[in-house]
Amino acid sequence: MKNDKKVAARAALTKYIEENNCRKTTERFALLDAMYDIDGLFTIEELAERMAVQNFHVSRATLYNSLNLFVKLCLVVKHRFQTETKYEACCDTSNHCYQTCTICGKVTEIDLPEIAKVLYNVRLKRFRREYYSLYFYGVCQTCQARSKRKKNLKGTKKSNIDKNE
Ligand SMILES: [Zn+2]
């Protein structure tokens, strides 16, 4: 399944390169493969690290240019979060819903059939829709537990002061 997507993405890139007489660089295909091997979302730094581990050194400029091209070709989805930008290899231009933690930045994809149904029926004026990405911002369970522990700690200190008074 995943390999099918990679093959489709490679085919789309080859088609674009041929039609636009671009140079067929091995870097671009190596980047595309690396992205489709990543499970879920990644930052540009994570992608660079992954390439370096494979002994494939790509310049920052090539990374940015390639990513922008992949976004344009709908082979990669760009997510702009509050704290950073993440990418996701996805060539099906389907709809996605995410929950993102405003404290640690963790992003999880969620399945919300009831929301999907509502959005499917939304009519947009003078606009041909292709797909949507929906983000819920909030605090993940781990961060909630962490802040609760902090509060409790403060609470104990405060009650000690109260006792001394
Ligand atoms: Zn969190």
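Easy rule for this one: first residue shown is 1, then count along the chain.
Yeah, the Cβs are placed from backbone N, Cα and C, and that goes for glycine too.
As written in TrEMBL, here are the features:
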type    : residues               : note
BINDING : C101, C104, C140, C143 : Zn(2+) binding site
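Highlighted in sequence order, T102, I103, G105, K106, V139, Q141, T142, Q144 have their Cβ within 8 Å of the centre of the Cβ atoms of C101, C104, C140, C143, the residues recorded for Zn(2+), and are not part of that set.
Using a 10 Å Cβ-Cβ cutoff, C104 (Zn(2+) binding site) registers 13 neighbours.
Reduced to three states, the DSSP call for C143 (Zn(2+) binding site) is helix. Candidate binding-site residues: C101, C143. Fewest other C-beta atoms within 10 angstroms, C143. C140 (Zn(2+) binding site) counts 18 other C-beta atoms within 10 Å of its own C-beta, drawing on all protein chains shown.
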